[in-house]
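Heads up, the thing below is written out as structure tokens.
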Amino acid sequence: MTVEPFSLDLARPLSTADRTITHRDGFLVRIERDGVEGIGEATPLPGWTESIDECRTALERAVSVSEREPLARSTTDRETILAEVPASCPAARHGLALAFSDLRARQARQPLYRYLGGTERVTSVPVNATIGDGSVEATVRAATRAVDRGYDCLKCKVGARPVTADVERLRAVRDAVGPAVELRGDANGAWSREQADRAFEELEAVNISYVEQPLSPDNIEGHTALRGGDVGVALDETLAEISVNEILSAGAADVLILKPMVLGGLDRVRDAAIMAHEGTDSTSSEDVIPIVTTTIDGAYARSGAVHVAASISGISACGLATGDRLAEDLLTHRLPATRGRIAVPQGNGNISRRSGITDA
Ligand SMILES: O=C(O)CCC(=O)c1ccccc1C(=O)O
Ligand SMILES: [Mg+2]
């Protein structure tokens, strides 16, 4: 097993209520068995995951565990190695788990989404365009450009400005794109209960399907109380702190935003999506919508996220169209969105290392 650092600049930084993301640093994890190589990506986003230093330490530890005999040749190495990753290091776990899944899917000669449990052939997944904070004019410009490119679902960042200003932005977008385009918001935890109540009331007339993380991550009761109107409640940051089981049991969400890098791997995203669809023991009848999104990752992690979305039947538009924000990438195959969909790589494993061609 080897671990190699990388650093990627963003060509188009993403401004949210609490930060502007300008670059992404992480590690590529490579595992080889019998001439077959699996590659994983660990791209921590401090605040959501461990820091880059904590991630490096966890990965270096995994390398030393993997070199212990007889583990270096064992087939139960995945579980042993993952068990050594601290729960506080989900990005490190994501990188290791993706490397193992890529390796095993290649060995089984399956595309990753099939290896993960997808039962039907899926050639593409629907995606939303991601629109950062900006003036009314800049927001409408970005929204119109996205719709011109064929997106039929837009997610706009809110929460960086007063509620009235955000409502004005979304109303201007609705007026510009018409009634057929799905609009979502993402407040990244910026609102108080009073602000959220006002925003939800005013956004009903704009036909916003849901707002991600209206309130702070630990405010389960507040989110539960916000539900019930036309605008749905999606939880995102909360999932970095509170288990999916607890969230579903509290009835705190209409939608769960599942970030592989934050949950610690594609396997965890799939388990959470199944739980959302099927409910927990105490919430068996509830149908919560799972959405898969990136944390603005490199090509290996974005491709993995596309695969796990493809493995979930009936998946709604996901937040996976983030590759074009990067100024540079880990692969020349950038997983572009075309008419609001990203093609699922159909070769063996996650994605071909060769440029733009999938493994036959
Ligand atoms: O969901 C999307 O459309 C793209 C991903 C995204 O918005 C995001 C990217 C990095 C960090 C946080 C978030 C977020 O959903 O809050
Ligand atoms: Mg979000």
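The backbone N, Cα and C atoms fix where each Cβ goes, and this holds for glycine too.
For 136-232, the entry in TrEMBL reads domain 'Mandelate racemase/muconate lactonizing enzyme C-terminal'.
Residues or ranges marked as active site, proton donor by TrEMBL: Lys157. Within 10 Å of the C-beta of Lys157 (active site, proton donor) we count 23 further C-beta atoms, all protein chains included.
Annotation source TrEMBL lists Mg(2+) binding site at Asp186, Glu212, Asp236. When secondary structure is read from DSSP and collapsed to three states, Glu212 (Mg(2+) binding site) falls in the strand class.
Non-local neighbourhood of Lys259 (active site, proton acceptor): Trp48, Asp236, Leu239, Val269, Val292, Thr293, Thr294, Thr295, each in the same chain, at least six residues away, with C-beta under 8 Å from its C-beta. DSSP assigns Lys259 (active site, proton acceptor) to coil in the three-state reduction, outside any helix or strand. Per TrEMBL, the feature active site, proton acceptor maps to Lys259.
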Which are the residues of the chain, Asp186, Glu212, Asp236 excluded, whose CB is within 8 A of where the CB atoms of the Mg(2+) site average out, their centroid? Lys155, Gly185, Ala187, Asn188, Val211, Gln213, Ala234, Leu235, Glu237, Ile257
Rounding to whole Å, the Cα atoms of Glu212 (Mg(2+) binding site) and Lys157 (active site, proton donor) are apart by 9
State the count of C-beta atoms found within 10 angstroms of the C-beta of Asp236 (Mg(2+) binding site), not counting that atom itself. 24
How many whole Å apart are the CA atoms of Asp186 (Mg(2+) binding site) and Lys157 (active site, proton donor)? 5
